[in-house]
Amino acid sequence: MGNKQTIFTDEQLDAYQDCTFFTRKEILRLHGRYHELAPHLVPMDYTNDPDVKIPLALIVNMPELKENPFRNRIVESFSEDGEGNLSFNDFVDMFSVLSEMAPRELKAIYAFKIYDFNTDNFICKEDLEKTLNKLTREELTPEEVNLVCEKAIEEADLDGDNKLSFADFENMISKAPDFLRYL
Amino acid sequence: GPEVDMHCNTARRGNSNSRSGSKVKEEKPKKGQARRSKAKEKKKVLREQCEEECRQDEEAPKCSKNHRNEKAKTEERGDFKRKTKDSCDEERNHISSDSSSESEELSADEEESQEEKDVLTQEELEKLKEAVEEKKKLIANLRGKPWPMSKKLVTLRESQEFVEKYEGALGKGKGRKLYAYKVMMMKKWMKFQRDFENFRTACIPWEMKIKEIESHFGSSVASYFIFLRWMYGMNMILFGLTFGLVMVPEALMGRPYGSMPRKTVPRSEQAGAMDFAVLWDFGGYAQYSVLFYGYYNNQRAIGWLKFRMPLSYFLVGVGTVAYSYMVVIRTMARNANRDGGGDDTSFNFSWKMFTSWDYLIGNPETADNKFASITTSFKESIVEEQESHKDENIHLTRFLRVLANFLVLCCLAGSGYLIYFVVRRSQKFALEGLENYGWWERNEVNMVMSLLGMFCPMLFDVISSLENYHPRIALQWQLGRIFALFLGNLYTFIIALMDEINLKRREEEVVKYNMTVWQASLYNGTVDDNSTTSTIPVDPADVPRGPCWETMVGQEFVRLIVSDTMTTYITLLIGDFLRAVFVRFFNYCWCWDLEYGFPSYSEFDVSGNVLGLIFNQGMIWMGAFYAPCLPALNVLRLHVSMYLQCWAVMCCNVPQERVFKASGSNNFYMAMLLVILFLSTLPAIYTIVSIPPSFDCGPFSGKKRMYDVIQETLENDFPLWFGKVFSYASNPGLVLPFILVMILAIYYLQSTSKTYKAANMDLKKKLQTRQVQGW
């Protein structure tokens, strides 16, 4: 384990290891990727905790996110200002949650945030319509979209308010066989 | 003492906690009397600091007694005190020169303050321990908390300070190393699992092709290709058996070509034995090779291995059928399990919406396929949903369905009679000699079968629109009806074959008689008739041959498979490809829109293709005993079919209008396969058991019945008691009770499985109502 890196102090790396699911090497690699996105913006020396944020447009071009229909929402959910500008802390946090080591409960919380387009802490019918259109690239007719959204609310809504609260979402997603495989 | 500890701790963390750091600097230069009050001040300051920290922390116990608790802790853990004293010694070396005097004065203070402090109660100690444990747990679980990173970092720092203050940095270094090691092992294990899964799925052939087809055409079309792949796997095993245990031993260890009459092309045929036309028809050199039954010698044991060829031939024949039964039934059972178990459709649309996108996709083509597959999957579910809501006028529907079935029965009866009539006519023609009739009369049976096969399915399709079924159920009815139609095909084929066999056997009698005459003519010169068989060398090609009916049967099957394959491929090329080319390129200069009107692009005919596959497999099972080359031929055919049809589907077909979800289990196909397996092994078993083998060709020549080889092996190769046990086991007195016991067992298992299913449904319902009630 080389101690020759000068990007972070040892305490910083230890703190990151405690706060994410990554090891030292992975965190350094992540910093490399972060730096690649905007080499002129991101300093190589993070020992004094610089306040640098990369805008949304650069992050969604990463090969891991490029093909994902929800890439904008993902980045927005992890940014502090809600606009999608990620500091390195947010960047690491995002990948930590998306990694395979993250537990189901944590992923469910963030999945709820991602699918909640208007950030009102409920997944309402408009959110579902937007999700569906992004998933099918708008290939379904409006009647089909309507039918699917109504059926989804009918299936998952337990408290009867015609929108999905986090409890409804959690209850539904905890039984899904594919959730951990794909997210 | 406690003041010293706290002093040292705060001094060490000068960088991160500026408050305590500044206090250290402030208090250093003071001397003299003010020291005692200074110590009290320090206590107060630290207490306030502690209280502030505790206020931020909801879980901390009362702070007022914390400094006293701390002292009690130091008294209890002596070594702790010693260690912190050591670290304090280190610390003191960094501080300026008058630190030693300071420490003396401080130690004087220490004794005083010890008297001041109260003895801690057990309760407060416990509470502090709890607090520290909670903090430690918080640090361990911090990565799983849904907070933004900055909050996590701040919380981490504060919790670490709290724990360090009241416990020191003891053991934390070790714990972290162990944890990091555990994490690394777990990651390695997960990576290994993932790589192994990737390897396993990469081993499955054609997976990407089928996934692509599935994403564009839906699961019903993909189910055909999955079935085709499954068949390929089964045929590979059958090929392995026949090739490895029958063809290779005879080729390597048996007598070579030309050494015996049965292994040589007769003199009369030798002229044209290498012609392509003859070879394509599987005559000539192809006929007299390991490919067919007739080549095999009836020698009991061949080669240095003493390989029992006839026994092996018989057992492989039985083994292929047994293996096929086993594999079909096992697949059916596994599919039934999967169906019955995961039947949870309570969150169908929600799950499709939230868990169908694969977040690991990075390739644009894969993404395209995934989008198409998600859209198709939604469309399928929508169709299912709409079907379940359709308003049904029960009586009208039932009447229409009965009417449709009646029409179909009429159709089938009509075609059955037509086939019977045509076969009788052709038998009459054959008796009178085929040369007297024209092309139509000679090929009448084949033509009638092909025409029926082309037009009846279309008729069934039209009739089925009366029935108004869900598309999946309609497909199953269609399959069943065309199946019944094709059974007529099978019937004519078998009748024709039996006629041929009887003809050949009559011929054989004649040849046997002629043989004795011919042999006598050979010994024209020699005198003694009582001598043993003379060794006049006769070229094997000149020996008169019996008509080997088994080879003839094998040849018929091989020819059927080849012609079937050719027909399928040519229909594919013309019906799909040329049609698509025509529609695409002539659309510009045609009066009406070719793409939407007639003829438009073709849809993939799932039912026709599945039935073709199933019936072909039936032919293989029927003929594999008489032509060991059939499984090999089939493997080749399926391989080519897979590539050709995959290409044709993606290139020339359009998805069906109503994309419906195939029942994922394919149990319907398996059930039909099982029926065909049963039907096709019956004729083979009948011929083995009742018809005596030819006298001069094949591994059973010279025996009265083919299964005599088993008797022979039992007598000669196994110890005596084995034969006795076998004869007892085949006693009807034992066999009948055994069958009775099996029937009872089946009945019992069936009834218990029914009760389990009912209990399962019950529990599911209870779970659902509980969920709803819980809110």
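Positions of Cβ are set from backbone N, Cα and C atoms, glycine also.
If you look up TrEMBL, you'll see B:12-21 marked as compositional bias 'Low complexity'. As annotated by TrEMBL, compositional bias 'Basic residues' applies to B:31-45. The compositional bias 'Basic and acidic residues' annotation in TrEMBL covers B:46-95. Per TrEMBL, the feature compositional bias 'Acidic residues' maps to B:101-115. As annotated by TrEMBL, domain 'TMC' applies to B:548-663. According to TrEMBL, the region 'Disordered' annotation covers B:1-120. The transmembrane segment annotation in TrEMBL covers B:230-252, B:273-296, B:311-329, B:402-423, B:447-466, B:478-498, B:610-633, B:668-689, B:725-749.
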Across the domain 'TMC' (B:548-663), what does the pLDDT come to on average, as a whole number?
84
Candidate ranges B:230-252, B:447-466, B:478-498, B:610-633 - greatest C-beta contact count to the transmembrane segment (B:273-296) (under 8 angstroms):
B:610-633
Most Cβ pairs under 8 Å with the transmembrane segment (B:668-689), selected from B:402-423, B:447-466, B:478-498, B:725-749:
B:478-498
Helix, strand, coil residue numbers for the domain 'TMC' (B:548-663) per DSSP?
79 helix, 4 strand, 33 coil
Ranking B:230-252, B:402-423, B:478-498, B:610-633, B:725-749 by Cβ pairs under 8 Å to the transmembrane segment (B:311-329), which is first?
B:230-252
Go through the chain and flag residues at least 6 beyond the ends of the transmembrane segment (B:725-749) whose CB is under 8 A from any CB in it; none is fine as an answer.
714
Does the transmembrane segment (B:610-633) reach the transmembrane segment (B:402-423), going by 3 or more CB pairs under 8 Å (6 or more apart in sequence)?
no
